[in-house]
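S.K.: Quick one: the structure is below, questions incoming.
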Amino acid sequence: MSDTEKDKDVPMVDSHEATEEPPTTSTNTPSFPHLAQEQAKEESATLGAEVAHKKINYEQEAQKLEEKALRFLAKQTHPVIIPSFASWFDISKIHEIEKRSNPDFFNDSSRFKTPKAYKDTRNFIINTYRLSPYEYLTITAVRRNVAMDVASIVKIHAFLEKWGLINYQIDPRTKPSLIGPSFTGHFQVVLDTPQGLKPFLPENVIKQEVEGGDGAEPQVKKEFPVNLTIKKNVYDSAQDFNALQDESRNSRQIHKVYICHTCGNESINVRYHNLRARDTNLCSRCFQEGHFGANFQSSDFIRLENNGNSVKKNWSDQEMLLLLEGIEMYEDQWEKIADHVGGHKRVEDCIEKFLSLPIEDNYIREVVGSTLNGKGGDSRDGSVSGSKLMECVNDAVQTLLQGDDKLGKVSDKSREISEKYIEESQAIIQELVKLTMEKLESKFTKLCDLETQLEMEKLKYVKESEKMLNDRLSLSKQILDLNKSLEELNVSKKLVLISEQVDSGIQLVEKDQEGDDEDGNTATGHGVKRVGKEGEEVGEGDSIAKLQPQVYKPWSL
C-alpha cells in the first residue's frame, strides 16, 4: 500500500471520527455548560417570537376550560319532574314571580342581597336537590354549604318548595315530620287543667244513717271516678273475641298501612292505586285535588277500599285515655276527638266506644241512695241486690211522679219569673226616658248656640249700617265743600249725589201735591195732610215712579 493511499485513508478516518464526535459532545451538556446556556437562550427567543406572532383567543381558552370542567360534573341518575304550574321557571334567568316573592334581593336594600347572590343560592339549592330528588332537602343541609343569613335561606327554600322546584317527588317517609321513635306505650300523658277551668262535677255523696245505733257513722265521700280505663265492658262480643287470642298471636299479625305518596298522610278508608307505578298510592283528598304529578293522569289510578275488618278494634289504655281527654277538650267535635286519639280510630269507633263505657248517673244514685237510707238499706259499697234495687227504683219513680207541691212550685216559679221580667222592663223604660231627656237637652243646647250666633250677626249688621251712615254724611259734607269752592271759582256745574237726587225728586213731588191741594184739584181726593221737612202740610199721593218717573245717572262734573 503506497504512502499516498495511507495519506488518503487517514483523513477519511479522521473525518469520520470528527463527524461522529459532535453528537456525543452535544449530548454531554455538563462537559460544555456554556453551549447549553446559549442553546436555551436561542430556544426561548424562538418561542417568544412565535407567541408574539400568534394572537391569544380568550373565548376559545375559556371554552376549553369549561369542557375540561364538564368531565368532573356529576351525572344525572334520576329523572327530575317539574310541576305544570311551575313551567315559567328558567334556571338561567330570574322570573318576575321570583322578584315579587323575594323583593329584598332586587331593591338594593343591602349590599349582601343582590340578584347574583339570589341566583347563585337558588341554583345551588335546586342542583343539590336534583342530585337525589327522592330525598327531602332540609334547610339545615343548605345552611351548612351557603354563606347567607338564615332568614334569606328560609325564604328561598320555602319559595322553591311552594312551587314544586324542590322536594316535589320525594318519598313521604323521608319527611322530617314522619321521622321519630315508634310508639311503645309506656309514656302516659294525663291532661292537666287549671283549677279555675275545670268543669263543676258534683260529688257523689251518700248519706248513711244507722237506725237504732249508739252513734251515727261518719259520712263517706265517694269520689268521682276519673280513670275509667280500668273498666271493661264484658258484653262486647268483638272485645271478647280479641281477648281470646294470645298476645303473641296478636303481635305476629301483619297490619298493612297505606301512606299517601304526596301528602304523607295515612289513607284509612279509601285509597287510589297507581296502575303504572305499583308503589304509588294516593289518598282521596290528593286525588280529587290532582296532586299526582304531570306525568300521570286520573285514568292511571283505580279506587280501592280498605277492609274495615282489618282495622284494629281493641282499645289500649293509652287510646282510652286519649279518648277521654279529647271528649273533655273538644266536647262534641268528634272529628277533632278522632284526630286526637290517632291511630286507626275513626269517628264511628270513638262514638261507639264512648257509648259502651259504663259511666254512672249521679242523679239516679242520689235518689236511690236517699231511698236506701230512708229504708235502712245497706249502701256502704254502693252495690244493691236485684230485688232491693228494683224496689228502690220504683219508689224513686213514684216520688218523682207523685209530687204534691208541684203546682205550688210552678206558680211560685212563674211569679218570680214575671217579677224579674217586670223589673227588667222598668229598668229598660227608665233608661229610654233618660236617653230621650239627654237627646232633648242636646237639641236645646244647639238652639241656644244658634240664638247667640244670630244675636251676634244682628249686632254686626247694626254696626255696619251705622258705619255706612257716617260715611254718607262725611261724603255729603265733602261734596258741599267742593260745590262752595266751585262757586268761588265761578263754575256753574255742581256735584250731586244720587241719593240727593232722589230726595230732591221727592221734595218736588211733595211741592206739586201741595199746590194742587190749594187749588182744590187734588189727585187723590182723600184730603189727608202731612207735614213735610220744613213743617209744611203736604197731601199724600201716589208713588214717585207713577207721578214723575226719572232716570238716575251717576254724579259727575
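Yeah, the Cβs are placed from backbone N, Cα and C, and that goes for glycine too.
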S.K.: Which residue, chosen from SER92, SER237, SER267, SER485, is annotated phosphoserine in Swiss-Prot?
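M.R.: According to Swiss-Prot, the phosphoserine annotation belongs to SER485.
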S.K.: Do you know which of 38-77, 158-197, 318-357 Swiss-Prot annotates as coiled coil?
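M.R.: That would be 38-77, the stretch labelled coiled coil in Swiss-Prot.
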S.K.: For the zinc finger (255-309), what is the mean per-residue pLDDT, to the nearest integer?
M.R.: 78
S.K.: What is the three-state DSSP composition of the domain 'SANT' (310-362), stated as helix, strand and coil residue counts?
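M.R.: Its residues divide into 34 helix, 0 strand, 19 coil.
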S.K.: According to DSSP, collapsed to three classes, what secondary structure does SER485 (phosphoserine) have?
M.R.: helix
S.K.: Residue counts in helix (H, G, I), strand (E, B) and coil for the zinc finger (255-309), per DSSP?
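M.R.: For the zinc finger (255-309), the helix, strand and coil counts are 11 helix, 15 strand, 29 coil.
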